[in-house]
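Pulled from TrEMBL, these are the features on record:
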- 107-114, 190-194, 248-251: GTP binding site (BINDING)
- 269-282: domain 'SRP54-type proteins GTP-binding' (DOMAIN)
Ligand SMILES: Nc1nc2c(ncn2[C@@H]2O[C@H](COP(=O)(O)OP(=O)(O)OP(=O)(O)O)[C@@H](O)[C@H]2O)c(=O)[nH]1
């Protein structure tokens, strides 16, 4: 979401990093560059002014000037202030009410409301283990009700049917009754979108809000509209007690102006960001991590979280045990590893979160991440079971047949086998020496052979 801001600021950060001394001139120059970068990113002017002012005050303060590495300290100040502008801490949905907790979703037409309802349903079901029901109160566009039904089936949550002849309040009241009877934890309500916020829309959603008393009222806005997104959310929030904002289409937004403006302009937190068209394209918004990404310090915590969620822990434990016992790492194991990488969106999803990645050109990233994984999996699938378990059986003529079976060339198979052999060697070493050596070392420290060094 912040590519252009990151690029714009990278020069400033490089110049500051490692500086042993900061002068008034350095500080002035750095804050000027931050200001220009924010304005170019379409951040709302009052937000830019307040942010730069706070950075200036802290830059001449003790924490920076007295620091051993003033340059780094100033970068940290910028990061802290960027995070503060976005809300500092992630705010999850508040679901601490008697079930069903009602979440009301509002937004302009095409903002991505219906898609977000499905994404949120999936998130609550998978990450927070909730029983979820969705309902559409969009009585103006029957296709919207159908769209929600299809999406609900896709993410496998309950769908409460409605039709265009009903009143929105009646639909939602009936849905709440049904949700209660079915022990649903969360009921997400999709509402009608309009082309702009007008009286009729506000009157309708106000009546709906009063009738259903939602615990969360989320405003869905398209991040590509930049600071206008914040302005629209503010307008909406003035009429209805909004509890948070969802920024959609951040995958297409290189500037990040909306993300940086919403909190200050509306006083409401960004709770989620939409990161793609599919139903898994929703992330909880973490201001501090986002600030780290702007300054190209990476999002290592996000990376760890992603790996934890998507790695199959049972398989990982089995592999560790196998390696520890000195058994061969075979091609089935390699396929498991490749499949897990594929689940994480290949390396591209991970690479974005690593520090310094902003500077690597896209074409290079694409080369590394591209189409390799499915091809490698296809090659392994085209081998016999025996070969996968005992790769030494794969000789020259077999390689040619395997390549044909996978619709690829023998050179592709050779490449995969080379990678496999390297991994096998590494795993073998771990199994034979590494693990045992480590265990020996540990037992020595615990008072085994050799005893404790300090006794
Ligand atoms: N790339 C990308 N596309 C998104 C995202 N969220 C939604 N979209 C797309 O945006 C378009 C509009 O989404 P909808 O969910 O139909 O929008 P809506 O706000 O419900 O629209 P109305 O029902 O007309 O009010 C669809 O093509 C979605 O696939 C996102 O995070 N990233």
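Placed from the backbone N, Cα and C atoms, the Cβ positions cover glycine too.
Note that this is a predicted model, so its numbers are computed, not measured.
Among the binding-site residues 107, 113, 191, 194, the ones whose Cβ sits under 6 Å from an atom of ligand 1 are, in sequence order, 107, 113. All chains included, 26 other C-beta atoms sit within 10 angstroms of the C-beta of residue 113 (GTP binding site). Around residue 107 (GTP binding site), the C-beta neighbours below 8 angstroms that are at least 6 residues distant in the chain are 113, 116, 193, 219, 220, 221. Close to residue 194 (GTP binding site) in the fold, though at least 6 residues off in sequence, lie 108, 109, 200, 201, each with a CB less than 8 Å from its CB. Mapped onto DSSP helix, strand and coil, the domain 'SRP54-type proteins GTP-binding' (269-282) counts 0 helix, 6 strand, 8 coil.
Residue 107 (GTP binding site) falls within a strand when secondary structure is assigned with DSSP. Cβ neighbours within 10 Å of residue 110 (GTP binding site), excluding its own Cβ and spanning all shown chains: 12. The average pLDDT for the domain 'SRP54-type proteins GTP-binding' (269-282) in the predicted structure is 90. Annotation note: residue 191 (GTP binding site) sits in a coil segment as assigned by DSSP. The Cβ neighbour count for residue 191 (GTP binding site), using a 10 Å radius over every protein chain in view, is 26. Counted within 10 Å of its Cβ, the other Cβ atoms near residue 250 (GTP binding site) come to 25, all protein chains included.
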